[in-house]
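Before any comments, here is the structure.
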Amino acid sequence: MLSKRSKTAQTAAAQPDVAGPRHVAIIMDGNGRWAQKKGKIRTFGHKAGVESVRSVVRFARESGVESLTLFAFSSENWKRPEEEVSVLMELFNFVLNNEVKRLHKNDVRLKVIGDTSAFDEKLRTKIQKAEALTEQNSALVLNIAANYGGRWDITHAAKLMAQDVLDGKQQLDAIDESHFGQYICTAGLPELDLLIRTGGERRISNFLLWQCAYAELYFTDTLWPDFDEKVFQTAVDDFKARQRRFGLTGEQVSVP
Ligand code: IPE
Ligand code: IPE
Ligand code: MG
């Protein structure tokens, strides 16, 4: 028998007029375990995960998502074994070398969010070039979170804002949430609607802390290299079946 939840999900899936998420973020977790299950080394999973990235970008574009934010490397991931970190950096380089053209062709705007000052000069130049090349594209904004941490994002924003106060560009009394939000990495993009985490863990791992305020959370046991358009669609259908109340009552929200 179908549960109440899955019945609602089916109804929403059948209704094309239910609004889908405008901004989706994904914690792409489970690469290491995926590889280990196959008797391979962890980095094999990171390499396999690139194909899932391609497929989610395609899906997001085709389904009208405006912004897609992918967690590729956290500020804590530097603590992993040196060999793994270096393969992840090489992979980031490889993706920038080989995917940017295709992204540009598909009208995707690429942005790297996070503390890029930790990357070497060559990588930073590559990032800047890719961002400049795709700046005018408008089919989808693709944010790659690299050396990103939610606490870093908030601290960085606070520092930028404090500097503006010191420079007399920002009045202390005028600061409110929307002012502060302009200094956060995802400023100017739609509010985060849906956060997906693959790999079975039910935690945020210092991802988009500010942006998660009213995001819908979706956790799946699917390991990242197995994530595809079908799992993405299931997450979107689940999102569409939810009632987002933003502090109001259910009755207030359902009034036409
Ligand atoms: C996510 O997969 C990728 C990164 C953190 C870079 P993991 O490498 O964390 O995979 P598991 O969680 O160990 O399986
Ligand atoms: C989160 O995954 C970071 C990325 C997916 C890039 P982790 O595997 O690093 O998270 P924890 O350590 O399990 O919380
Ligand atoms: Mg992990």
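Glycine too: its Cβ is placed from the backbone N, Cα and C atoms.
Per TrEMBL, the features are:
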| type | residues | note |
| --- | --- | --- |
| ACT_SITE | ASP29 | active site |
| ACT_SITE | ASN77 | active site, proton acceptor |
| BINDING | ASP29, GLU216 | Mg(2+) binding site |
| BINDING | 30-34, ARG42, HIS46, 74-76, TRP78, ARG80, ARG197, 203-205 | substrate binding site |
**OP:** Provide, as an integer number of angstrom, the distance between the C-alpha atoms of GLY32 (substrate binding site) and ASN77 (active site, proton acceptor).
**Re:** 13
Original post:
Tell me, how many other CB atoms lie within 10 A of the CB of the residue listed as 'active site, proton acceptor', whichever protein chain they belong to?
Top reply: 17
Original post:
When the Cα of ARG197 (substrate binding site) is compared with the Cα of each of the recorded positions ASP29, ASN77, GLU216, which one is closest?
Top reply: ASP29
**OP:** To the nearest whole angstrom, state the Cα distance for the pair SER75 (substrate binding site) and GLU216 (Mg(2+) binding site).
**Re:** 24
Subject >> Annotated binding-site residues GLY32, TRP34, HIS46, SER75, ARG197, ILE204, filtered by Cβ under 6 Å to ligand 2 >> reply: none
**OP:** With a 10 Å radius around each C-beta, find which of these recorded positions (ASP29, GLU216) has the fewest other C-beta atoms nearby.
**Re:** GLU216
Original post:
Tell me, by DSSP, whether HIS46 (substrate binding site) is helix, strand or coil?
Top reply: helix
Subject >> In the chain carrying HIS46 (substrate binding site), residues 6 or more apart in sequence that have Cβ under 8 angstroms from it >> reply: ASN31, GLY32, ALA35, GLU84, VAL87, LEU88, LEU91
Original post:
Which recorded positions from the set ASP29, GLY30, GLY32, ASN77, GLU216 come near ligand 1, judged by a Cβ under 6 Å from any of its atoms?
Top reply: ASP29, GLY30, GLY32, ASN77
**OP:** Filter the candidate list SER75, ARG197, GLU216 of binding-site residues, keeping only entries whose CB is under 6 Å from an atom of ligand 3.
**Re:** none
Subject >> Cα-to-Cα gap, GLU216 (Mg(2+) binding site) vs ASN77 (active site, proton acceptor), nearest whole Å >> reply: 25
